[in-house]
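A.B. asks: Copied straight from TrEMBL:
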DOMAIN    4-103  domain 'Phosphoribosylglycinamide synthetase N-terminal'
DOMAIN    107-234  domain 'Phosphoribosylglycinamide synthetase ATP-grasp (A)'
Amino acid sequence: MADRVLVIGSGGREHALAWKLAQSPHVKHVFVAPGNAGTADNGKISNSAVLVSNHTIVTQFCKDHNIGLVLVGQEALLAAGIVDDLRAAGVRCFGPSAKAAQLASNTTFARAFLDRHGIPTARWKAFTNPQEACSTDFPARVVRARGPAARKEVTIAASKEEACRAVQEIMQDRMFGEMVVVEELLQGEELSCLCFTDGVTVASMPPAQAHKRLLDGDQGPNTGGMGAYCPVPQV
């Protein structure tokens with residue numbers, strides 16, 4: 001029997017998930033909440049206005065519409081524990097628990113995890129004081145805001161002065177959070193090697209490379225993602 005599926009999120013990631021899910025004969029219909037222009041009334045795909053920030057309302061929506069599976073793409077909701085809450089209510093949901101989502105949503109948690117398990121990563125320090133954050137002696141710096149809502153607030157600074165401006169902007173002007181992480185800048189190719197897992201089996205996707213910087217020649221401000229390409233000729 002074909003299932004109704006709910007994809008939660010509003011970006012290109014959710015659009016791609018809905019597009020691929022709709023091709024499956026096992027899927028009757030794909031709801032996307034809140035969705036975007038590309039997922040609005042597109043064959044087996046339609047948007048839903050269900051309030052995704054309220055997990056109780058999402059749970060009731062799933063029961064009212066006989067949703068057989070939920071896929072959560074929105075990182076802030078994963079960090080807020082929507083997968084835990086849906087599973088506890090008996091709704092099948094694909095996505096990491098709130099604890100596991102910290103690896104993507106909490107910069108200091110992720111860096112400490114890497115250090116604790118001996119996984120190579122850039123030198124880093126976390127700060128709650130802007131003046132102390134400006135005193136790091138890394139030759140080039142990556143300044144990150146901490147927390148799920150600010151995960152993509154990343155500045156690649158070529159100088160100490162530029163790093164200090166980013167720290168002030170994050171911690172004082174925009175109020176992205178009370179903590180900032182300053183990292184050593186690593187030069188070279190960056191690849192994403194993503195896998196699906198049920199906790200036992202791991203199915204890997206081909207490596208992909210995202211366009212991070214705004215301008216050609218790896219110049220301009222860092223972005224949350226300007227698209228990606230696959231396969232990658234470097235590997």
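Cβ from N, Cα, C; glycine included.
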A.B. asks: Which whole number is the mean pLDDT over the domain 'Phosphoribosylglycinamide synthetase ATP-grasp (A)' (107-234)?
C.D. replies: 81
A.B. asks: Across the domain 'Phosphoribosylglycinamide synthetase ATP-grasp (A)' (107-234), what are the DSSP residue counts per state (helix, strand, coil)?
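C.D. replies: Once the DSSP states are binned, the domain 'Phosphoribosylglycinamide synthetase ATP-grasp (A)' (107-234) shows 31 helix, 37 strand, 60 coil.
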